[in-house]
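Visitor: Once you've had a glance at the structure underneath, I'll fire off some questions.
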Amino acid sequence: MPFFKMNKQLIFAGLMIAFIINHGYSQTILNKQNIENALNDAFNKFKDLKEGKNADYIKELANVDPNIFGIALVTADGAVYTKGDITSMVSIQSISKVFTMAKVIEQEGSQFLQDKIGVNATGLPFNSIVAVEMHKGDKINPLVNPGAIATTSLIRGNDSIAKWKEIQKIQSDFAGRQLSINRPVYISEASDNLRNQAIAHLLLAYNRIYFDPVQATDLYTKQCALNVNVKDLAIMAATLANGGVNPVTKNKVVSQTTVMYTLPVMATAGLYDNSGIWLFNSGLPAKSGVGGGMLAICPGKFGIAVISPPLDESGNSLKAQKVIQYVVEKLKVNPYWIEPK
Ligand code: GLU
């Protein structure tokens, strides 16, 4: 064999070894085929799972079809992958808290959020009054009801109408289309949300709400009633995964700094009092809502979302957690899964 040819082969082999050492041969490449396989496998594996129960403390949610099951994954460069039901809409519920919080960070800065609301996880259920009382309205978290209602009250605007415009706009910008309210869900919750009103008034007693408590609760209830399909949720997640730029519309929605402060709150409090278990098993910042939606962010790579209304005891979609965890494992994208050098 001529020397230069042998040399070429040696160089190639050397490069391959260097690649394997550097990148870890077992790392799954995020290409079309692998993503589609992961979504298909997850869908088939969990489609017949019948555990969990729709939320029913908001009466209208009990009427949502429990068989809705859709998965969407949107990469940071805007490729959209879907499986199952991508047309059914559910109310966004608690997932909206992430984007209103992001708006407050964007407008006022992270220190402001930390001072006016707090960012430690309460470790208590999402609608806990004890959580407010325990710290006298201090140190509430933007991703559970007391902190979320107070966060809503911080959105700029002279009146409720102006504030609502801002809230609807930020949620829509993340989704890349104009989101609108699911009226029956809004009316159902608004006529029955005495507990959230009590929380808002207790916050007022501690000077920890920054707008009229009745109107702030109403704004919060409206934002929770925004209708989304699974693709909307995945695009919202992908916008965070892509440093604040919506990868589909290419619009900058929030800054990288805002994303940097948003994701840790999701990691520590995104799944109510089950957040620790979720993070332990997936490593990803995520958020669920009692409407049955859930999204998770794989920073720099993709956003993933699932809609399946039956919930576990903490209020998180059962199937969604299983699907996302499965996809994370299959694609080996848990950020704490580290290839030794
Ligand atoms: N609107 C719901 C409530 O305040 C949201 C709850 C949730 O999704 O966690 O009860």
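Cβ atoms here come from the backbone N, Cα and C positions, even for glycine.
Residues or ranges marked as substrate binding site by TrEMBL: S94, N145, E189, N196, Y220, Y272, V290.
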Visitor: At its widest, how many Å does the recorded substrate site span between Cα atoms of S94, N145, E189, N196, Y220, Y272, V290?
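Guide: For the residues that bind substrate, the greatest Cα distance is 20 Å.
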Visitor: Would you mind sorting out which binding-site residues among Y220, Y272, V290 put a C-beta under 6 angstroms from ligand 1?
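Guide: What lies within reach of ligand 1, judged by Cβ under 6 Å, is V290.
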Visitor: For the binding-site residues S94, N145, N196, work out the Cβ neighbour count at 10 Å and name the residue with the minimum.
Guide: N196
Visitor: Sequence gap of 6 or more, C-beta under 8 Å: which same-chain residues meet both conditions with respect to Y272 (substrate binding site)?
Guide: P125, F126, V144, S288, S314, G315, N316
Visitor: By the DSSP assignment reduced to helix, strand and coil, which category contains N196 (substrate binding site)?
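Guide: The three-state answer is helix.
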